[in-house]
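Enquirer: Got a structure here, written out as structure tokens. Questions coming.
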Amino acid sequence: MQAKRTILLLLLLGMVALSSCGLREKHVQGLVNKFVPAGIVKNLLQAGIHKVAKMQYGCPIIKDYCSFHCNDLEKHEGYCHGTKCKCNIPNQYELF
């Protein structure tokens, strides 16, 4: 049981490291889909990677990265909503 927890922790830390060094979430999720068998562990990894990836867009500090991300994924303009980057959903208020 301890070995399974250690492997899970190492997988999670590895995926977080990959997602924080410039890889897009879709690339890291693809690695999870390819190498982790279906089940609770896979679902937990995917949810954890998604949460970490949503915090990596630099909102509201780096607004241009949010736009770049949305243009890359959905070909829409990106807008910072607090710490979240939302594609094609403009703010109803001005941040700066």
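Placement of Cβ uses the backbone N, Cα and C atoms for every residue, glycine included.
Bear in mind that the values here come from a model prediction, so they are computed numbers and not experimental data.
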Enquirer: Just choose from Cys21, Cys87 the cysteine that Swiss-Prot connects to Cys70 via a disulfide.
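Expert: Between Cys70 and one of Cys21, Cys87, Swiss-Prot records a disulfide, namely with Cys87.
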Enquirer: Which of the three DSSP states, helix, strand or coil, fits Cys66 (disulfide bond)?
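Expert: Helix, per DSSP.
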Enquirer: Within its own chain, what residues at least 6 apart in sequence put their Cβ under 8 Å from the Cβ of Cys70 (disulfide bond), listed in sequence order?
Expert: His76, Glu77, Gly78, Cys85, Cys87, Asn88
Enquirer: Whole-number Å only: compute the distance from the Cα of Cys59 (disulfide bond) to the Cα of Cys66 (disulfide bond).
Expert: 7
